């Protein structure tokens, strides 16, 4: 089994899909880091009085205030009432923070990024796993492989474990780029890059859980490919699920929220998640928010059940299937 | 699958009552129907049958790629697929066309296979050299010609140093040079003492390289034995060109000889139509006559005013035996109702069985 898994890893490393996945992960991280960079740059330029947009907003405000005071003075002269007050000085120009938001702390920034990156990382790992296995069916090399190793269970296990293991270095490479890139951006703009010890511990666990999700997605993709034998079908099913179930059904039925994949991934990676629904929307004061939460254990259970069921069916089907 | 039976002595492959039925939208199609196949250990064994007769399905079942519905299979006395992992190291196989990763080099493809079975990587270079691909090992598989792909597949089977090599239609799509090359390779492997089971419907190639053959049709063995025995069993044939061939056939048959139309019709109705047209237009026709000397044929026909225009003695070849045996045994394969599965399908033109052939 270990020998077969090593061979599968070597095969995956030699295939373009492995490298495409790595480059995809790194590209997504770079785009995300670019987002962080531009946010910090806008804030920095505004603080330095060099942001043209913000300078324009301030100039517009001053012009408006001057015009307002001018009209106020005219009105006082016209009415002879010195108490006329247009409230021109009551309106304050937007602060830099109001316009560009506040830059989160480094630990918060890490948290936001990990939370957002888990989905593309998992999707890429899933595509890698499904492509690795589906290609063996489309090239019809699976049959040749079985003439060398006819024991179906070790074959299916090795071909599922390999993409899961391959997702590990790929995801870690992406996380390493995040780990290096974000502080670099903070230092470039002289932002506070302090992270407490406890924050590092929390972030490390979040990263570990992100890696686990990506590995599970790799295995899930491989297992799904054993069932449908085509990576396009696997991706189609995933996209269809996201649109129909997560988007349409999840948006309309709050009862299914605790079982949605996205909600449970968030709960698992972020050590629990919360969301709000609204009730009693008939009153004058509007709706009342109802707060819901999912624990990390719930997320882990749902994800493990999903992956387990798919892999079990894949194993059972492959054991008895006729192979071309 | 039934209970494993003891394997016959000296057989590389033995199947008994092997059955496989495919379920399709049109019903069930019997691919293999009670196949009793014996492949002696050592030498080249031709596995002949028309397209759709069950050759590839049989090979796939032997290799564990397709599940049998019934019967038993043994490879070197080991029941398969139950104990296939024990014996698979002695078996190399190419099923249908060679299949490798197109973007990998030949070396990488073989290295992965070698790693999977624990064979030293140095063996990869050896087997590539043995099939003449030593200097092309770094080329991508997709850049290979069909002949090179076939040779690479043979190289892959040799990674295990197998005692049994199974080649399914190994010369399909090859040019004459490629066919000759593969034929020589198979013969060489057989001469080395390995068992080479080669499925084909190209009879001339089997006749040239095989020591023994099995001829199957509609999933059953129609004949099997040594090539010499099969060919020799039918006696000498004389090809006769004559006007009024219908009348000539009657004369020869009345004299006790076997006379047939040379271009065999594919069915009795077609045969009747062909015969009628020849007789009514009095065109010349070609006959094959078995069991008679050319002089005797000439004398008999001449006495009846049927002048012979062509008289060519010929040895009865494997092709003729094959055509006789498999007439009506090719496609389409029988499609049966669910309730009819398991019943013996009618064999419309079975001329002999394997005992007779032996």
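Heads up, residue numbers simply count up from 1 along the chain you see.
Just so you know, glycine gets a Cβ as well, placed from its N, Cα and C.
Cross-referencing A:73-95, A:234-256 with TrEMBL places the feature transmembrane segment at A:234-256. The transmembrane segment (A:156-186) makes no contact with the transmembrane segment (A:234-256), as judged by fewer than three Cβ pairs under 8 Å among residues 6 or more apart in sequence. Here the listed stretches are A:20-40, A:112-135, A:206-227, and the one with the most C-beta pairs under 8 angstroms to the transmembrane segment (A:234-256) is A:112-135.
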